[in-house]
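Features as listed in Swiss-Prot:
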type	residues	note
BINDING	16, 17, 18, 19, 58, 62, 171, 174	ATP binding site
BINDING	57, 77, 138, 139, 140, 141, 142, 143, 144, 145	UMP binding site
């Protein structure tokens, strides 16, 4: 049983990063933000934890939003996938500056800049201490990068899906508009559904729930939180069918 006072640390994790964070709230890439994220990931990787990463592309394109402006949804989603690859390459560069060996694998083949997505090869990279960054989403339209993170985490045998956000975890209401909103420290997937809470998109959440993959939602903007999350410190919100309290 996982309790509010004690969580076990993890050896292989999937880190989901939103693309908007890479832009610092603007279009494009904010080098200071990416460098800070790279330093946090490097600290965790050098401690012996195997780290895989999926990054969104919202700082460049969002397929659903482009569709609302009249673009074909499939083509819009492919544009978003290319945006994720730009984020992946930026993170790879900053990780290498931190002395961390890193590989980018993409669901759309672009062999001059990245390996194709091969789960067995990705696992071998992780075993050798390399960080693996997955780009181009699922390689198909209509699938979010949340869903990509959940699917990749399951396929390469991660122990937890770490959802990095700009808030401290999952709240009963929007904490930006309701100062009385309650932060859940531990909660079951069933409670998430019953309370109508937002953790990840529906497909990603269903994948994790059906396959008993824990999700830890935490604040990336607090320096050192990736290491704390991996070590099992009581931060953020743990969504797990085995939690005993919250």
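Each Cβ is built from the backbone N, Cα and C atoms, and glycine gets one as well.
Features recorded in Swiss-Prot, as mapped to the structure shown.
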residue: 18; record: ATP binding site; Cβ neighbours (10 Å): 20
residue: 19; record: ATP binding site; Cβ neighbours (10 Å): 21
residue: 57; record: UMP binding site; Cβ neighbours (10 Å): 27
residue: 58; record: ATP binding site; Cβ neighbours (10 Å): 21
residue: 138; record: UMP binding site; Cβ neighbours (10 Å): 19
residue: 140; record: UMP binding site; Cβ neighbours (10 Å): 14
residue: 142; record: UMP binding site; Cβ neighbours (10 Å): 13
residue: 144; record: UMP binding site; Cβ neighbours (10 Å): 21
residue: 171; record: ATP binding site; Cβ neighbours (10 Å): 19
residue: 174; record: ATP binding site; Cβ neighbours (10 Å): 10
So among 138, 140, 142, 144, all listed as binding-site residues, which is physically nearest to residue 17 (ATP binding site)? Use the C-alpha atoms.
144
Counting every protein chain shown, other Cβ atoms within 10 Å of the Cβ of residue 17 (ATP binding site) number 27
Look up residue 174 (ATP binding site) in the DSSP assignment and report helix, strand or coil.
coil
For a quick check of packing: other C-beta atoms within 10 Å of the C-beta of residue 16 (ATP binding site), how many?
26
Quick note, residue 144 (UMP binding site) and residue 58 (ATP binding site): C-alpha atoms separated, nearest Å, by 11
Just to be sure I understand: of 57, 138, 140, 142, which binding-site residues have a C-alpha no more than 10 angstroms from the C-alpha of residue 18 (ATP binding site)?
57
Specify the nearest of the binding-site residues 57, 138, 140, 142 to residue 171 (ATP binding site), where nearness means the distance between Cα atoms.
57
How many Å separate the two farthest-apart Cα atoms among the UMP-binding residues 57, 77, 138, 139, 140, 141, 142, 143, 144, 145?
14
Could you find out if DSSP has residue 138 (UMP binding site) as helix, strand or coil?
coil
Compared by Cα position, which of the binding-site residues 16, 19, 174 is the closest one to residue 57 (UMP binding site)?
19
Cα-Cα distance linking residue 19 (ATP binding site) and residue 142 (UMP binding site), given in Å to the nearest integer
17
